[in-house]
Amino acid sequence: MAKTHTRVAAYFKPSAWALEPEHSTFAPSSKWSNKDMDPVPPHERTWTTVNYIAYWISDATNAAVWELASSMLATGLSWRQALPAIAVGHIIISVVMVLNGTIGARLHVAFPVLNRSSFGVGMRVSSVYPSPDIDRRHGYLILANANITTSGIMCYFLYWLIQFPFMLISPQKIRWLFMAKALVVPGMWLAMLIWAMVKVPPRDGLFVQHATLHGSDLSWAWLSALNSALGIYSTLAVNIPDFTRYAKNERAQYVQIAIIPIAFTLCGFIGMAVTSAGMVLYGQTLWDPLKLINQWDNRAAAFFASFAWVLTTLGTNISANSLSAANDMTVLFPRYINIRRGQVLCALLGGWALCPWEILATAEGFLTFINGYTVFLGPFAGIMVTDYWFLHKGKVDVPSMYRPHGRYRYTYGFNWRAVLAILCSVPPLFPGWINSINTGIKVGSGAVHIFAFAWIFGFVVASTVYYTASMLFPAMETYIPEAILSDDVDSDSSRTSESRRTRRASRRRLRRLQGSSPRNRREVYDRRHGGK
């Protein structure tokens, strides 16, 4: 009995959960990195152009995209105003996606590690998007003010159990799930579009509906719709390096600039067309596709459509939620959390503690949630683009991103220029955000209008402030004549399969960058750049 008690007590000690120490490529200890945080070695860079096409088709055909488009109709816009907002928003986000995606494909590091070069090694930036798609089915409410019923929570729990094993699959292999989803789910979307067109021809449904807003109200509603289009994948606009780090080469992910606006605009149109048909058939705006399926008399069709929605939600939760959150958690506690453990924590916290079904209670609440993310993520995206492309022009030092006392330490681990940019761009959006949550709190029309284009405001203001501060007060230690990449440094822990000729070329290049030819390159690198 005593032995059993001792074993149980030992299980709750932090040391029992510590990951097996692996000699990291650049970090001085397991406190700063682990295998999942290190630069991706060449043999694990497996994502091709086809994989990125499948990835975005998979993400475009998800319930949140459908609900984004159809909820715009519920707020008073017609499809003629909503569709251009979706198209313009995704054209803008695709440009940012490729700019930040190229950084990941070149450096092969995750988003939280990459941000150390602009925010400092002491800053831990996180971008988690908890948005499982829930159907509030008929049944008894668990609580009087809850937005999910007993049957709904049972269905959600079943879905959660189905999804859980997929979170244990490595990022290199999960791409096959996106391939399967890209082959199966678009057929269901097309079938629902055909059903809507047959039941309610566009001349009787979609084309005869007009906006219920006019004048300045219509203009601000359109800007808010644009902001929602930017917000729905604003998380991936900053943490896309979590996926492009696995690209075979940086060209493999260039296709994002075309596939994102095309796929999301088409899917947005389908969502609006089917929702418009539902308005004619059922007399209400069923902006949630699962609520529309509930109206069908054909239970077989409802079953197969629901199965496809389970698959699409599963893929989206992994791509946009759990993998990104896992990378964030890994950088917070690399000694105890890797990507697999991070996804498990995300399943528990994001899946239950945050009560994601509350997000889908109303169309207005859903759009408010989407817009709320733009308050923070627009500035982050602007700082990332400005730092890498316009200030350092791609010349960054990957090994120093893993060293607490390297060139990216800045001031006590923080880059005050980035902090200043956040302080100038985020707080002005708070009043409008608060008003969108509770319209009873009056903040003035100016604050409300600024919040209507929060992502663009945050991106432009943060970029401008960060660039100006960095030019006036440059952090000279971060500027180097040439980029130093993970492949340039040959260390004992390097997990590459370079040929001897390539290794010699890498050594010569590193010696040229460092201005000497020592025997122990790692030691000299540490001494010259302050690494420990």
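The chain as shown is numbered from 1 upward.
For all residues, glycine too, the Cβ spot is worked out from N, Cα and C.
Residues or ranges marked as compositional bias 'Basic residues' by TrEMBL: 501-512.
Feature annotation from TrEMBL assigns compositional bias 'Basic and acidic residues' to 520-532.
For 488-532, the entry in TrEMBL reads region 'Disordered'.
Annotation comment: TrEMBL describes 82-103 (among others) as transmembrane segment. Counting only same-chain residues 6+ beyond the ends of the transmembrane segment (82-103), those with a CB under 8 A from a CB of the stretch are 68-69, 72-73, 114, 222, 225-230, 233-234, 236-238, 240-241, 243-244, 250, 253-254, 256-258, 260-261, 264-265, 268-269, 272, 381, 384-385, 388-389, 456, 459.
What TrEMBL lists as transmembrane segment is 140-162 (among others).
Per TrEMBL, transmembrane segment is recorded for 174-198 (among others).
The feature transmembrane segment is assigned by TrEMBL to 218-238 (among others).
According to TrEMBL, the transmembrane segment annotation covers 259-282 (among others).
Listed as Cβ neighbours of the transmembrane segment (302-323) (distance under 8 Å, sequence separation of 6 or more from its ends, same chain) are residues 55, 58-59, 61-64, 128-133, 159, 162-163, 166-167, 171, 174, 177-178, 180-181, 184-185, 187-188, 191-192, 233, 235-236, 242-243, 289-290, 293-294, 296, 339, 342-343, 346-347, 350. The transmembrane segment annotation in TrEMBL covers 302-323 (among others).
Taken from TrEMBL, the feature transmembrane segment applies to 344-363 (among others).
The feature transmembrane segment is assigned by TrEMBL to 369-391 (among others).
The feature transmembrane segment is assigned by TrEMBL to 412-434 (among others).
Long-range contacts of the transmembrane segment (446-469) within its own chain (CB-CB distance under 8 A, at least 6 residues past either end) are made by residues 92, 96, 118, 220, 223-224, 226-227, 230-231, 234, 371, 374-383, 385-387, 390-391, 417-418, 420-422, 424-426, 428-429, 431-433, 435-436. Per TrEMBL, transmembrane segment is recorded for 446-469 (among others).
Listed by sequence, the residues of this chain that lie at least six past the ends of the transmembrane segment (412-434) yet keep a Cβ under 8 A from its Cβ atoms are 118-123, 371-372, 375-376, 378-379, 382-383, 387, 404, 441, 443-444, 447-452, 454, 457-458, 461-463, 465-466, 469-470, 473, 475. Contact between the transmembrane segment (174-198) and the transmembrane segment (369-391) is not supported: fewer than 3 Cβ pairs lie under 8 Å, counting only residues 6 or more apart in sequence. Sequence-distant contacts of the transmembrane segment (218-238) (same chain, at least 6 residues past either end, Cβ-Cβ under 8 Å): 59, 64-65, 68, 72, 75-77, 81-82, 85-86, 88-90, 92-93, 96-97, 100, 111, 127-129, 211, 260, 264, 319-320, 324, 367, 370-374, 377-378, 380-381, 384, 449, 452-456.
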